[in-house]
Amino acid sequence: MSIKQMPGRVLISLLLSVTGLLSGCASHNENASLLAKKQAQNISQNLPIKSAGYTLVLAQSSGTTVKMTIISEAGTQTTQTPDAFLTSYQRQMCADPTVKLMLTEGINYSITINDTRTGNQYQRKLDRTTCGIVKA
C-alpha cells in the first residue's frame, strides 16, 4: 500500500502550481489547509488500497492534517502486527517524494488502524520531525 500509486510527477506539478498561486493571497496556514484537502482528495480517488492484510479505506483532511483510516481485512490473516505495519507504512511514506513535499509545506498525517479482529485502534502521526525533515 503506497501513496506512490498516484501519478507522482503530475501530482507534484499540480501541488506546486497550487502552492504558487495561493502563496500570494493566502496565509501559510490557509495554504497548508488547502493542500491537505487536495492531498486527501487525491488519495481518496485511489481507494481502497490493500496491502499485507490491511486496507486503506478513508482519507480526509482536518485543517493541515490528512487523516487516513486503515482497517484489518476481516477473515484474512495479516502478515504483520498493526504496530509493525504502521512502522513499515511510516517508513514508506517518509521516503515518498510527494509526502516529503507535503510535510515541508506544513501538512501532517494521522494514520489510524482499526483492527476489526480485536476492536483495538492503533495510531501514528507523521510530521517533519518523525520523518527526519529539517525545516529549510
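Yeah, the Cβs are placed from backbone N, Cα and C, and that goes for glycine too.
Per Swiss-Prot, the features are:
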- 1-24: signal peptide (SIGNAL)
- Cys25: N-palmitoyl cysteine (LIPID)
- Cys25: S-diacylglycerol cysteine (LIPID)
- Cys94-Cys131: disulfide bond (DISULFID)
Neighbouring C-beta atoms (10 Å sphere around the C-beta of Cys131 (disulfide bond)): 18
Residues that sit under 8 angstroms from Cys94 (disulfide bond) by C-beta distance, when 6+ apart in the chain: Lys100, Leu126, Thr130, Cys131, Gly132
Secondary-structure category, per DSSP, in which Cys131 (disulfide bond) falls: coil
